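Engineer: Got a structure for you, questions after.
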Amino acid sequence: MATEKQALPDGFRYLPDHLDRAAQEVLVGEIRAVVAAAPLYVPTMPRTGKPMSVRMTNCGRLGWVTDKARGYRYQETHPATGKPWPPIPERLLALWQELAGFEAPPEACLVNFYDDTAKMGMHQDSDEAEFAAPVLSISLGDTCLFRIGGTERSDKAQSLKLASGDIVLLAGKSRLAYHGVTRTYPGTSTLLKNGGRINLTLRRVTPI
Ligand code: SIN
Ligand code: FE2
């Protein structure tokens with residue numbers, strides 16, 4: 001639900017309730033299998049080494065990682081296990097085909113897990129070498145307050161509540177829009193038995 005009466009940024013797509021409960025449940029099962037093979041870990045900020053409040057893992061050929069020594073980047077292996085990331089589940093590839101409007105498949109699916117206190121500061125997704133492809137983002141579990149602004153950090157941002165099953169796309173002119181997660185709302189969903197929120201972000205990393 002949009003909480004302010006302001007047009008959403010150009011190119012930004014908000015698809016509330018895109019996944020029904022049954023589809024969400026199947027997806028959560030698949031993400032549990034991903035997490036079993038590639039455990040959630042605590043990423044740290046470049047230079048400062050400050051831990052992020054969100055825990056992360058990935059599936060796909062490439063995974064987005066960050067740590068104190070080497071900063072933000074994509075790599076082919078899990079930073080703790082050293083193993084290749086598990087593959088992106090078929091239904092996520094199908095969702096990308098349905099919604100992304102981009103000829104090549106995604107190469108990375110970042111899995112973010114938010115507990116009741118986790119949040120994510122305003123940032124741009126700019127570690128990819130292909131900005132013609134959108135970023136496709138799926139929300140599962142508890143509702144969050146998502147902020148979306150413009151392509152300059154100083155641009156005015158607006159808030160959107162993202163609930164389980166909602167999908168947003170940072171596409172076109174909004175591909176490099178600043179965005180973040182201010183907070184989650186504990187107890188707003190029964191999808192995850194221990195609560196919390198999962199966000200899945202599909203991205204194309206390399207040019208075709
Ligand atoms: C992100 O920008 O990586 C996460 C966005 C979200 O959790 O909805
Ligand atoms: Fe992001």
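Just so you know, glycine gets a Cβ as well, placed from its N, Cα and C.
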Engineer: Name the residue, out of His78, His179, that TrEMBL lists for the same Fe cation site as His123, Asp125, please.
Structural biologist: His179
Engineer: Out of Ile198, Leu202, which of these binding-site residues shows the lowest number of other CB atoms within 10 Å of its CB?
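Structural biologist: Ranked by other Cβ atoms within 10 Å, the binding-site residues Ile198, Leu202 bottom out at Ile198.
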Engineer: Within 10 Å of its Cβ, which one of these binding-site residues (Trp64, Tyr74) has the largest number of other Cβ atoms?
Structural biologist: Trp64
Engineer: Find the one among the binding-site residues Trp64, Tyr72, Arg73, Asn112, Tyr114 whose C-alpha lies closest to that of His123 (Fe cation binding site).
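Structural biologist: Closest by Cα distance to His123 (Fe cation binding site) among the binding-site residues Trp64, Tyr72, Arg73, Asn112, Tyr114: Tyr72.
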